[in-house]
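Colleague: This is the feature table in Swiss-Prot:
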- 1-18: signal peptide (SIGNAL)
- 19-181: region 'First lumenal domain' (REGION)
- 19-379: topological domain 'Lumenal' (TOPO_DOM)
- 29-67: disulfide bond (DISULFID)
- 33: N-linked glycosylation site (CARBOHYD)
- 71: N-linked glycosylation site (CARBOHYD)
- 108: N-linked glycosylation site (CARBOHYD)
- 117: N-linked glycosylation site (CARBOHYD)
- 142-178: disulfide bond (DISULFID)
- 174: N-linked glycosylation site (CARBOHYD)
- 182-224: region 'Hinge' (REGION)
- 186-213: region 'Disordered' (REGION)
- 196-213: compositional bias 'Low complexity' (COMPBIAS)
- 220: N-linked glycosylation site (CARBOHYD)
- 225-379: region 'Second lumenal domain' (REGION)
- 225: N-linked glycosylation site (CARBOHYD)
- 228-266: disulfide bond (DISULFID)
- 238: N-linked glycosylation site (CARBOHYD)
- 259: N-linked glycosylation site (CARBOHYD)
- 289: N-linked glycosylation site (CARBOHYD)
- 301: N-linked glycosylation site (CARBOHYD)
- 319: N-linked glycosylation site (CARBOHYD)
- 335-372: disulfide bond (DISULFID)
- 380-403: transmembrane segment (TRANSMEM)
- 404-414: topological domain 'Cytoplasmic' (TOPO_DOM)
């Protein structure tokens, strides 16, 4: 289990960048220090590829940022970098809170530096709602990694200190801590790779056929007091590596359930699920927060043997500062949508149709389900569409009845 404790903290690979937004009088409306890492899926020669890069320290905020104008618009922190890339945080506030109402990322696939040989050379847009919230008069603080998942894009915020609507031009003395910092039960010293870089080399990876979605397998870990982890999921590992010729390679591996062995360990507040397939092993570290009676996925450790073309024969990565797959003890966490766990900027663990329960499991039976936000959003869309259609039908019916009544009123009795 030593590997699970060696966390490779993504945010420590790149120093934080500082930005502020001022109105026409020079008063600050947004101030921020943060590290932002991007992982973007794109197509190259018909094959799926991944670009990994950081928000550079020379990103600029002057062109597109604004403090808003009265009640007509809200403050926005917009950071432009590279060949037409833009990440923007749109803020709003209530009486006692401010929040990032919407996160938007524009990325230009014609940028050969970040997206070599991209099939489509156009600007793409990814958005996500409400990713940050804090009390008015406090700074928002989040040292641990905060993952934001969008279509084809994963964004990781770390080492974040920001404040909107500050009283003065500096951060407030009081702070609002993010959930990721509050639930951390262990402090892990960051480890820095010997050759850390802020973006992948500009040469294109060799085309790699993307496998289909993995089959779903069911796994469990049993200790002295019974089952402590029960999991059902499809599992896929995505590794970006350097080849011997210094080009980039992509290794995509689907776990085959009947060839996958499960083991693990049960402790009072920790549970480990080890899944081994061929020469690859993934360890999931679940933690119990006794005060809130919640369990969550805190860590993922990956070790594998790379293809013979790789410069290094083996690969190992770990992140023990996550806060994923959260549910009440006795219940199970369920997510039908694909989820992507970013271990490092070179390693992604993708899970499909996952259902997992830890610490209080009745044999091989899952407890009541707590659905993920992605599934709730997917369920909400047809409800909204259905309600809109029902409203449209009602409007047409009312218009028809009014028209019919008026036509009757036009007749004269002879």
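Numbering starts at 1 and runs along the chain as displayed.
Positions of Cβ are set from backbone N, Cα and C atoms, glycine also.
Help me understand the surroundings of these features in the structure.
Modeller: Here the region 'First lumenal domain' (19-181) has a mean pLDDT of 87 out of 100.
There are 20 other CB atoms within 10 A of the CB of residue 67 (disulfide bond), with all protein chains counted. Following the DSSP three-state reduction, the secondary structure of residue 67 (disulfide bond) is coil.
In the three-state DSSP scheme, residue 33 (N-linked glycosylation site) falls into the strand class.
Of all Cβ atoms in the protein chains displayed, 17 besides its own lie within 10 Å of the Cβ of residue 108 (N-linked glycosylation site).
Residue 117 (N-linked glycosylation site) is surrounded by 15 other CB atoms, counting those within 10 A of its CB over all protein chains shown.
Within 10 Å of the C-beta of residue 178 (disulfide bond) we count 20 further C-beta atoms, all protein chains included.
Reduced to three states, the DSSP call for residue 174 (N-linked glycosylation site) is coil.
The secondary structure of residue 220 (N-linked glycosylation site), as reduced to three states from DSSP, is extended strand.
Residue 225 (N-linked glycosylation site) carries neither a helix nor a strand DSSP state and counts as coil.
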Colleague: Between the Cα atoms of residue 117 (N-linked glycosylation site) and residue 372 (disulfide bond), what distance do you get, rounded to the nearest Å?
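Modeller: Cα-Cα, rounded: 35 Å.
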Colleague: Hey, what's the Cβ neighbour count for residue 174 (N-linked glycosylation site) at 10 Å?
Modeller: 10
Colleague: Would you kindly give the Cα-Cα distance separating residue 301 (N-linked glycosylation site) and residue 142 (disulfide bond), rounded to the nearest Å?
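Modeller: The Cα atom of residue 142 (disulfide bond) is 23 Å away from the Cα atom of residue 301 (N-linked glycosylation site).
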Colleague: Measuring CA to CA, name the entry from the glycosylation sites 174, 289, 301 that ends up nearest residue 372 (disulfide bond).
Modeller: 289
Colleague: With a 10 Å radius around each C-beta, find which of these glycosylation sites (33, 225, 238, 289) has the fewest other C-beta atoms nearby.
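Modeller: Across 33, 225, 238, 289, these glycosylation sites, the one with fewest Cβ atoms within 10 Å is 225.
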Colleague: Among the disulfide-bonded residues listed here, 142, 228, 372, whose Cβ has the fewest other Cβ atoms inside 10 Å?
Modeller: 372
Colleague: Of all the glycosylation sites given, 220, 319, which has the fewest Cβ neighbours within 10 Å once its own Cβ is left out?
Modeller: 220
